Amino acid sequence: MSLTTRAIICCLYLTFVKLVTGDGGASGFRNDDILSTTLDQTTASRCEEISIPMCRGIGYNYTSMPNQFNHDTQEEAGLEVHQFWPLVEIQCSPDLKFFLCSMYAPICIEDYHAPLPACKSVCERAKAGCAPLMRQYGFAWPERMNCDKLPEYGDTSNLCMDAKNGSLPAGMEPESTYTSSTKRPTKKCKNKPCPNETKTVLPSSGEAIDCTCRCKNPLIPIERGDFRYNRSVSTGGLENCAMPCQNQFFSEEELNFGYYWVFSWSVICCFSSFLTVATFLIDMDRFRYPERPVVFLAGCYMMVSIGYITRIVMGKPEIACDGDMIRYTSNGAVACTVVFLLIYFFGMASGLWWVIMSFTWFLAAGLKWGNEAIAKYSQYFHMVAWFLPTIQSVTILIISAIDGDSVSGICFVGNQNPENLKTYVIIPLFIYLLLGISFQLAGFVSLIRIRNVIKQQGRAKAQKLEKLMLKLGIFNVLYTAPAVIVIGCYFYELLNYREWTKPLVCPCTYTQIMMRWNPDSHMSPPKPDFSIFMLKYFMSLVIGITSGFWIWSGKTLESWRKFGARLCGRKVATPGYLPPPLVPPALGPPLLPTPSPISQLHPSQRPLIKQQMACSVQSQLSSVHKHSPLSHV
């Protein structure tokens, strides 16, 4: 797992959870539990010198095992308590080490068998110094470590330990939590959390780190009076702080590669999908339902590729950037809006056309509907396929949710706002994919049943159906696999966006502290994987390329040959028809006329035979001039 916020909390928080849910299986962290457990330990164990490195020199030298977490040895307890070492090292509270050791290595005094935990005031000072750092990552102080459950300093009935004689936590006495050279400012936010509160820590190297979250270079602060002020512009959770136009995670070489990568696949997608649409236009009778939605799907991807090509032609600053910063909550720039509509509107419409194609296959295979029966409802298919993306696009335009993508340079939704990405991209695509797969599975089950019946009627018909099933199966894989990968890439962005941007504004993330504390740790701030972004763009366009799968046949070449002949004004011979060969007359005596079979009949039978032949010729002529009904589109 990558170094994410969960990894940060692994050292800063999860060990606190282990503290109360660990091996001991204790039912709770109550004062009477501490007292009774300590009493049992002191009466059943002997004192031994503290060997846990972190707990040496804390004010007492002896402890007893097992502790309240049922650690049988100090080695076992030390493995768990040392997970707090980075938190102790940055000195968010000087009392944290003593508080932890009082629980993991409780004091042991010869001939004194009563419990002697840390006082409530020790817990409160540790909490006051470290809980704000935990809240910075969205976690609260564990309820089972409630300081109210520890003895008060000065309670003669329940003795406890406090080297500072029960002094109050930081806020009333700043010196109690921070060194005299790094005073903590007094809180001025009453009854509510103070955002971006200054927290100064002091590593062992002596270097002071300012933990204040600030919008610093290269980030761009949104000043009061700017129309974007307080309009959901944030970076790493810091409001009114914008990302610059230049991507902060990838090198110039990577961005140049991405430019040519997107451009190449956009051109290929545009050509392939255009060929599919053009083949449909010159031979519309060939594409009937349920295959016809493939044509509209290809048309959608042709428009999506045009959106990417438009960005290439006009340039990233014109499309995705607003001066020096990336575009946020924008729908004013015409070029940005056009690119957004081309990519988003037609991208969503393509997903719906795939659902419609799956549905029509189900009607044909599962419910035995004919081509004309399905075509009668084509107007409803168009209404669904174009109306729903229109509603989605208009909603995004109304709430001004369009923003820029600093990698590809396009305008889309959710590039800078994970909530918009989830609401307007991931959820709709997931629903469309789920519906399409459901109809496809139902259609396949029906085709398998039909195949078993047709096998009994003849091998030729069964082979034709098997060929159709194979073609349908390949196309489903060619669509479903890229669609799943694209949704997975969007999920990757959704889950990690805050972790990528947080270190840009807040210096006291776990990784950065570890880098300062131990430069040889080979750690670096979390950043997105460039290959995943390239995979997303490729899979977003490859469906338009594979949509040409339906026209990769000799019929397509024949259709274009006929079209070319019509353009040149030449007559096109009917397929399968060969004119009679011109045979030169043979030399020799003239051939005698062969008597007609009718002339050899009895005169009474000749009128009846002539009438039957006339009827036969008339029926053949009518069948030749009869046209196939066109599908309703």
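Here the Cβ of each residue, glycine as well, is placed from N, Cα and C on the backbone.
The following features are taken from TrEMBL:
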- 1-22: signal peptide (SIGNAL)
- 42-163: domain 'FZ' (DOMAIN)
- C47-C108: disulfide bond (DISULFID)
- C55-C101: disulfide bond (DISULFID)
- C92-C130: disulfide bond (DISULFID)
- C119-C160: disulfide bond (DISULFID)
- C123-C147: disulfide bond (DISULFID)
- 171-194: region 'Disordered' (REGION)
- 255-559: domain 'G-protein coupled receptors family 2 profile 2' (DOMAIN)
- 258-282: transmembrane segment (TRANSMEM)
- 294-312: transmembrane segment (TRANSMEM)
- 332-363: transmembrane segment (TRANSMEM)
- 384-404: transmembrane segment (TRANSMEM)
- 424-448: transmembrane segment (TRANSMEM)
- 468-493: transmembrane segment (TRANSMEM)
- 530-552: transmembrane segment (TRANSMEM)
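Sequence features annotated in TrEMBL and their locations in the structure.
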{"residue": "C47", "record": "disulfide bond", "Cβ contacts under 8 Å, 6 or more apart": "Y62, T63, S64, C108, I109, E110"}
{"residue": "C55", "record": "disulfide bond", "Cβ contacts under 8 Å, 6 or more apart": "T63, G78, V81, K97, L100, C101, Y104, A105"}
{"residue": "C119", "record": "disulfide bond", "Cβ contacts under 8 Å, 6 or more apart": "L150, P151, E152, Y153, C160, M161, D162, G166"}
{"residue": "C123", "record": "disulfide bond", "Cβ contacts under 8 Å, 6 or more apart": "F99, M145, C147, L150"}
{"residue": "C130", "record": "disulfide bond", "Cβ contacts under 8 Å, 6 or more apart": "L87, C92, S93, L96"}
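Using DSSP to sort the residues of the domain 'FZ' (42-163) gives these counts of helix, strand and coil: 53 helix, 9 strand, 60 coil. Looking only at the disulfide-bonded residues C92, C108, the densest Cβ neighbourhood within 10 Å occurs at C92. Of all the disulfide-bonded residues listed here (C101, C147, C160), it is C147 whose C-beta has the fewest other C-beta atoms within 10 angstroms.
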